[in-house]
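Quick notes on the structure that follows.
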Number of protein chains: 2
Amino acid sequence: ADGGVGAAAREPPEEAEDIYTIKNQSAVECFLPCSCHDLQESLLSSASGYNNYRGILNWCVVMLVSTICSLFLLLKLYWYGILVDPIQVVKLFLKDPYSWPAACLVIVSNVFILVALYTERRLAVVSTYYVPLFISMILLSVVLCPSFIALLYVCVCFTVGGVLSLGIYTVLFLKLYSYQDTNRWCREIRQAKAKRLTHMYYFVFAPTLCYQLNFPRSPRIRKSFLMRRLFEMLFFMQLLVGLIQQWMVPTIQNSMKPFQEMDFSRMVERLLKLAVPNHLIWLIFFYWFFHSSMNFVAELLQFGDREFYKDWWNSESVTYFWANWNIPVHKWCLRHFYKPMLRKGINKFLAQTAVFLVSAFFHEYLVSIPLKMFRLWAFMGMMAQVPLAWFVSRFLNGNYGNVAVWISLIIGQPVAVLMYVHDYYVTHHGGTT
Amino acid sequence: ADGGVGAAAREPPEEAEDIYTIKNQSAVECFLPCSCHDLQESLLSSASGYNNYRGILNWCVVMLVSTICSLFLLLKLYWYGILVDPIQVVKLFLKDPYSWPAACLVIVSNVFILVALYTERRLAVVSTYYVPLFISMILLSVVLCPSFIALLYVCVCFTVGGVLSLGIYTVLFLKLYSYQDTNRWCREIRQAKAKRLTHMYYFVFAPTLCYQLNFPRSPRIRKSFLMRRLFEMLFFMQLLVGLIQQWMVPTIQNSMKPFQEMDFSRMVERLLKLAVPNHLIWLIFFYWFFHSSMNFVAELLQFGDREFYKDWWNSESVTYFWANWNIPVHKWCLRHFYKPMLRKGINKFLAQTAVFLVSAFFHEYLVSIPLKMFRLWAFMGMMAQVPLAWFVSRFLNGNYGNVAVWISLIIGQPVAVLMYVHDYYVTHHGGTT
């Protein structure tokens, strides 16, 4: 009988339940759970190694939605009234309907695409010594042309349109660089085939920065998936515009006075108050851009590779975050910048710093030129990641590292935002108010 | 060469990186990544099957801490001033130092423990026909005695102390029931050995409701683990008291007027306003009680089984939530109530409803008697889980089910809280104000 009890004690309760259906009363020793405890850790203890928190993500969504709804409806409307104006963004983009600078810039970008395609077609047939020079000139002009236009164009309201069109040109630069680089590699291994115009435009619209001759294609367009992504795109777009106009802009405006007077304690208070909407907006932006929009475009083009981000939310070091939150850019940097440098014998740390340097340049480019202010805050913000990465990897790991990454995201961004807004405000409004 | 390119394309980038260290320039075809995309889904798409969101949990902690800090320091202090008074709770428990009803009740509970131990010792030697009757009387008196005292004791301020001492008696009732049940099973298989007094008290203090002859023991007391849990216990205790006094009580007081006037739209507004602090307090209470406190006690007693909760945050049905958020009670219900019923041939649905009925009784018992109000809101709240469970399992699954469980938690609790507070307020303050 003793042996029977021991066996019952070792059996998990789920199996024991099935045994109960046996109605044999003489076998009572086998299924009476005289022992029901096992040696085991709690799930939340790090020793348990458990990490399935899918439900927590849903909790965040529920709490975010309810918080935004209640804050939006109950509090903010009382304080500032309804400030949301969805048409304002369109207006900013299309300011002065007789010139439409941003829209014109976007249309002009087709010229660069066609020149790049034509160049590669010629190169497939003949190769001349001045080719690298010519290609460099095209790529350089992709970056410089819009910035000259943006700087020469005097209207102050070009800010939003400027960021959008410069962003499009930056993406185009990265795509064309990848295009010529990949084509050169292919020529080296005698696979030279400049594809037709539709293929070129497929690459331009595809949600990737890295060119390859044949992209993996998904078997069919899933209509329900497409519709859900489209709904998300439209909904989060409105939500973003609403949150920025209703929550972020008033908070920034309120924080101007303490910043002008350099009242330190109130500066910190305003910074923390700005950190919450800024972080929420950034998270919603991430989902909107990297999940909804990119998946929508990919589904429409039957583009198969949907890895637009990895699990950056688990990142325990700053390096891991930068390598996983924006996979298209990370892939480009790795393929066309970091690895070619390693192949030339440059050591890993230098190559990594160079990648951050280029990234810092483009961050600065996207902010400074539309605002017409060269303050280097964005540049320094990106370059500060190098010592921060060293610090976090040196002193913190596991969940502490993860918390450090989150805090740097939550605090770092509003600091940079406030710096620019403050300088912009001082420049344009002087010492008044 | 073509075959070489194909191979390179199929290789993951990590492996490719190692290949770059080979400085053989003639092997250039092998490692130029002419192809760099794979057919794959985004992580947040449900099709990817990915669910490691450990980082999101850390994000929640960071956001909770910062929100609580900023709300606490910046907003609430302006509105209500400092309302936190850590001594008030101690005062409530020890109100009227000449009688100390709650403390006396806890001390008296030892009598029941000793009687139960003595009874089992006698039963190990002789067995008589009136034993089941006697044991039932002891168990019944464990539940009834403190409730009589609580009802007869007229002081209104017995609320907090009453809930605590009735809670302790409820736990004791479940423990003693398990004790006699398990001992009876052991006698049936001739393992009858009533253990010594220290063993009995080990069981009384151990963080479990299910008795067994030999508990699994952890090999040693980890001092750093113990200290961290102790710090968490003290910190979250203070935080809970602070949040209740500073956030929950003012919100409840503000919601009395709309509830008395039955102003429906403002009632909903107040309910939603109460839902946030109530839910946060419940979450912190969960962590404080089921992780910090129980692990602290278990570490101190070298009690090996730390499974005090399972992954209820992922629960996609109401049944799963109730079966996983409070494992000690769930284990007790399964072992001493649900499975014995199944063994007697009662069908599963009836047995499950009976479990909810008993749970509803104890919820009502813990609220009604200290408040001296028999309104059955807690009872009905628990019984409402049966149709809710049916509804969720019938119409919702996956993440939708999970969201439904979260919403029922967030909304359900404050409804019950407001019901009781409203009735308590009307009873004690009449129609005034």
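Note: Cβ is positioned from N, Cα and C throughout, glycine not excepted.
The transmembrane segment annotation in TrEMBL covers B:56-78 (among others).
Positions annotated as transmembrane segment by TrEMBL: B:98-118 (among others).
Summarising the annotation, TrEMBL assigns transmembrane segment to B:123-144 (among others).
According to TrEMBL, the transmembrane segment annotation covers B:150-176 (among others).
Under the heading transmembrane segment, TrEMBL lists B:230-250 (among others).
TrEMBL lists B:271-290 (among others) with the feature transmembrane segment.
Within its own chain, the transmembrane segment (B:349-367) has Cβ neighbours under 8 Å at 143, 147, 163, 166-167, 170, 319, 322, 329, 333, 337-338, 341-342, 374, 376-383, 385-386, 420, counting only residues six or more beyond its boundaries. Per TrEMBL, the feature transmembrane segment maps to B:349-367 (among others).
The annotation active site is assigned in TrEMBL to B:HIS363. A simple way to gauge crowding: the CB of B:HIS363 (active site) has 19 other CB atoms within 10 angstroms, across all the protein chains here.
Counting same-chain residues at least six beyond the ends of the transmembrane segment (B:374-391), those with a Cβ under 8 angstroms from any Cβ of the stretch are 317-319, 322, 352-353, 356-357, 359-361, 363-364, 366-368, 408, 412, 415-416, 419-420, 423. Positions annotated as transmembrane segment by TrEMBL: B:374-391 (among others).
If you look up TrEMBL, you'll see B:403-421 (among others) marked as transmembrane segment. Only residues 6 or more beyond the boundaries of the transmembrane segment (B:403-421), in the same chain, are considered here, and those with a CB under 8 A from a CB of the stretch are 252, 255-256, 259, 270-271, 274-275, 278-279, 282, 315-318, 320-321, 367, 371, 373, 375, 377-378, 381, 384, 388, 392, 396.
Beyond the ends of the transmembrane segment (B:271-290), by six or more residues, the same chain brings 64, 68, 232-233, 236-237, 239-240, 243-244, 247-248, 251-252, 254-255, 308-309, 325-326, 409-411, 413-415, 417-418 to within a C-beta distance below 8 angstroms of the stretch.
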